[in-house]
């Protein structure tokens, strides 16, 4: 045919060694592309840790590097959750920090002086390269087509759904966890296919690493038993399944229990029960298998029903009893919110207040996965076509992953690998079909030959269906059209991924960028300005009160103790801060005194039009505080009678008197001509007279007013209350007690 | 070439310097008895003491005409300081006012009694002064942490006033026949100063002329006479104090590059804020009244040819900096993240690169000579003082025979030695010359540091060979491991 160059290319790629070299080169390039596309923020800004949670991981890593592993393991952090502290070593997943620490020490041993910060910043891109390779391996287990694996690796490398959590600087558990997730699945499939104990043990090892790294390990803990269960239900129980599952479960559970934070959870909580149940079930099946080989089949039938039904019932009853008796913890709130998306908003506002816990909006799927999302069902369908054990896994994973991704935005992350794998199978199948240069040889005796009639007759005499056994697309135009369209889609996909990564996922959110009129970049660095001020110019043990979002950043950048932080384990403590923020000064002051607060930090976006400020988050503070003190804080009081949330002159009295409102707008009106004060974020004009503060005083305000820090005043020297002391300082006359004086009396002691 | 001639003369000096340093070590170790009193062998015929308070350190110079009143030739002149002053004293340079060729005299603190409040600086005259002979000494020194603000706390828009105490009679271990003390201030706004009864035709000391106060001339005063005087003057500029400066100079022969990095721990020793920082007032004052005692900007004029300047602090890059580098200048202007007021602290790091040929020369004997500034701190109108300075010159791996010479006063250098610094795939580590100095000021910012060293040709190939060798070793071992057959051969 006309595809001579194609032939040449294909034959060049035919030699086995050439192919494997090509494959290695392509994989290396894909890994390089995966890393490079995550470096936008480093190039645009600097090598900096992003957002909120990564700052804690970074701080913990620095502690690990400075003090060694055992100190880290026993780390009690008295600089967070003041005055409670936090048993940090026992309440974190150490995998991420230990990984960075190992890399750090390895490089140090080679006398390469790398800052620990740079390791932390570049860890996620580095591991994303590995994830791409893991996706290649996993896909290769699914299909015989070589291109599928490479496509899956490429998709995995640049899919925005994964990039969102793995750009340079986003030093979070997910950075390494997704690699471990995909690789564990690969090892599981490998173990299952071969029934090999070695692969099962490797799977358990990486599962253990995964448990040490991310709370999302429960996804594996639930998915593998589910896969096993589906296989059993399909009547595919085999010794391969038995060997691989029991090896994985026994070793993996032991490994997971080594992590202090997990401890006995694998045998005590409901989330882990399916794995245990399937483990027991497999033992039963193995036993039954043995029995079946030993006794006649008729007796076996009755034996089976009685035995299986009895043990299943018993197991279920035992589970129910153990749960109600408290041996096994019931499902946690975060877990319930996976089933009922409205659950969190009513019962645990703290979980609902995190934007990444919101249900996913439909456009998000297209935004994060682009064309993969419509190729995904095709891939799953193709898996149905073959439906070997490993294809069942993809189907199960696809179903569960899609459900969870729909419930919670952040779980898009767990869906992305299976989407990439399925889409790669779909694309590669399409390409395999349409890219074959080969056409079947025209069958002898076709009319085109114009051969002798007898032979033609003999052929024609057969059934029509048997005469044309070859099905396929052989037209050149259809091939070119389909392949061309696919190529365009793939190119568009790359464009989309780059665009999304560059625009949506590469902002450090600690540093903001704006453009000057001349087009040059201007960095708005208020966060670090204020944190550095705190770090250098306050007492080392000065306690900072702020909303919990900024806790990790204050700990990491300002190095000061905080009251609450992003590890939201203590709802009451957070509600206390919420109450202090949303109450009147007279109520807040005792709370702050009791917690030894020295400084209060608020984020205010009114001057710059910065949307992530505390006034916009304020209602969550109110809601969380109301959850604990319904009598003292009421959300309704912050809305005007018409139900509006306002900050201007029409704001409610409760709003105007709340500490948060006062701290945000204190002195702000003096920046403007009288009566002209504007809140640019909410686009409203503020009242001419700004709020006044008596129990706290302004200590620092950053250049663009994003961070405002207030110092909590000490008790008044003359024993007055702060309101009257402040009034006296402003030159107001002291209010005379209006009580009428009675007739003077001689004092008789 | 002219420069090479200069270098070769320095080379010859270097050997002298290293010899001198060893001699100095032995001399300082001799401690004098606790009951030591300087022998009254000199007499100050005429003394002029100039105290300059124009910058945020005190620069004092004592010009004194001395006469040997003893019967034997004398070569040790003692200058008294209080123990507190001694710890803040730096940059002592003594020379002969009449004879510029005599060079700098050796001046060093005398160790005798740690408890005593009077400590002495011993000045060794190069030639013993014959009985009855006279000599004019020019003694220059700096006192750090010299002022304290008064009032201690002010509002951010107020003027800052500083105060310090000194003696109207120049402290001396000898009888002084005639003396006067001039005090120079940055402005003529000197609201308070101690008044003394005048003598001769002057009614009252001091006499004020513009921004200068003059105490004296006084008639004969005995040894050790003091007359405390306290002055308070306007100083509406930041009082910059660098408590520690670490300066790394890394020489790379392969890269043809000299990398500089400086880590500052900067304090403002001026008046604290009486009410906390107010951003509104600050933003308004930026327009209406730009002079303030807060530190807003620091300027580093670097050597021409400096490139790739960076500026960061403990939590990352600071974007508020400008760097202009062209043929005429290389000016790094940095702004602290926040205006630094009295009592505040701002540690930061800056660094830059420069082409090695700006600093490094070959010598005829095959060695190398590096000539870099000892100090390249900021050039501020108000001055900068450095309490501790540690200069580290990191030479290439394998450099040997390191000698140095610096034009910083030798009494300021506390420690110098050669260490090993391991970095970037080093095997034996790089030779690092570490010089520690104390109590320096920005007047010394262009004093040079000359380091000579030998760098064998083979040493420069150590690293490529080591890296190549270990890479080969890794490949070989992987290949060897790959060839090991772990499974049992199945017989066919």
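Using N, Cα and C of the backbone, Cβ positions are placed for all residues, glycine too.
The compositional bias 'Basic residues' annotation in TrEMBL covers A:731-749.
If you look up TrEMBL, you'll see A:21-422 marked as domain 'Oligosaccharyl transferase STT3 N-terminal'.
What TrEMBL lists as domain 'STT3/PglB/AglB core' is A:543-593.
Look at TrEMBL and you will find A:727-749 tagged as region 'Disordered'.
Residues or ranges marked as transmembrane segment in TrEMBL: A:21-43 (among others). Sequence-distant contacts of the transmembrane segment (A:21-43), counting only residues of its own chain at least 6 positions beyond either end whose CB sits under 8 Å from a CB of the stretch, comprise 13, 50, 121-122, 124-126, 128-133, 136, 146, 150, 153-154, 156-158, 163, 166-169, 497-498, 501-502, 506-508.
The annotation transmembrane segment is assigned in TrEMBL to A:91-107 (among others). If you look at the transmembrane segment (A:91-107), the same-chain residues 6 or more away from its ends with a CB under 8 A from one of its CBs are 57, 60-61, 64-65, 69, 72-73, 114, 116, 119-120, 123, 171-173, 175-177, 180, 209-215, 259, 261, 567, 569.
For the transmembrane segment (A:119-138), the residues of the chain that approach it from at least six positions outside its boundaries are 27, 30-32, 34-35, 38-39, 42, 47-49, 54, 57-58, 61, 96, 99-100, 103-104, 107, 149-150, 152-157, 162-163, 165-172, 175-176, 178-179, 182-183, 185-186, 189, 417, 420-421, 424, judged by C-beta separation under 8 angstroms. Taken from TrEMBL, the feature transmembrane segment covers A:119-138 (among others).
According to TrEMBL, the feature transmembrane segment maps to A:144-163 (among others). Counting only same-chain residues 6+ beyond the ends of the transmembrane segment (A:144-163), those with a CB under 8 A from a CB of the stretch are 19, 23, 26-27, 30-31, 33-34, 37-38, 128-129, 131-138, 178, 182, 367-370, 372, 412-413, 415-417, 419-421, 423-425, 427-429, 431-432, 493-494, 496-498, 500-501, 504-505.
The transmembrane segment annotation in TrEMBL covers A:175-191 (among others).
What TrEMBL records for A:211-234 (among others) is transmembrane segment.
Residues or ranges marked as transmembrane segment by TrEMBL: A:246-267 (among others).
Under the heading transmembrane segment, TrEMBL lists A:273-291 (among others).
Marked as transmembrane segment by TrEMBL: A:303-329 (among others). Panel annotation: around the transmembrane segment (A:303-329), residues 265, 268-270, 273, 277, 280-281, 284, 288, 291-292, 295 of the same chain, lying at least six beyond its termini, place a Cβ under 8 Å from a Cβ of the stretch.
Feature annotation from TrEMBL assigns transmembrane segment to A:364-384 (among others).
With a cut-off of 8 Å between Cβ atoms, the residues of this chain six or more beyond the transmembrane segment (A:391-409) that come close are 142, 185, 188-189, 192, 219, 222-223, 226-227, 230-231, 234, 236, 337-339, 341, 355-360, 364-365, 376, 379-380, 383-384, 415, 418-419, 421-422. Feature annotation from TrEMBL assigns transmembrane segment to A:391-409 (among others).
Feature annotation from TrEMBL assigns transmembrane segment to A:470-495 (among others).
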Self-check item: Candidates A:175-191, A:246-267, A:273-291, A:364-384; stretch with most C-beta pairs under 8 Å toward the transmembrane segment (A:211-234)
Solution: A:273-291
Quiz item: Which bits of the chain, at least 6 residues beyond where the transmembrane segment (A:364-384) starts or stops, bring a Cβ under 8 A of a Cβ in it?
Solution: 142, 155, 159-161, 164, 391-392, 394-395, 398, 405, 409, 412, 416, 418-427, 429, 489-490, 492-493, 496-497, 500, 504
Quiz item: Is the transmembrane segment (A:246-267) packed against any residues at least 6 beyond its ends, judged by a Cβ distance under 8 Å, and which are they?
Solution: 73, 89-94, 188, 191, 197, 200-201, 203-205, 207-208, 211-212, 217, 221, 224, 275-276, 278-279, 282-283, 329
Self-check item: DSSP residue counts for the domain 'STT3/PglB/AglB core' (A:543-593), split into helix, strand and coil
Solution: 32 helix, 4 strand, 15 coil
Self-check item: Segment confidence, the domain 'STT3/PglB/AglB core' (A:543-593), expressed as mean pLDDT
Solution: 91
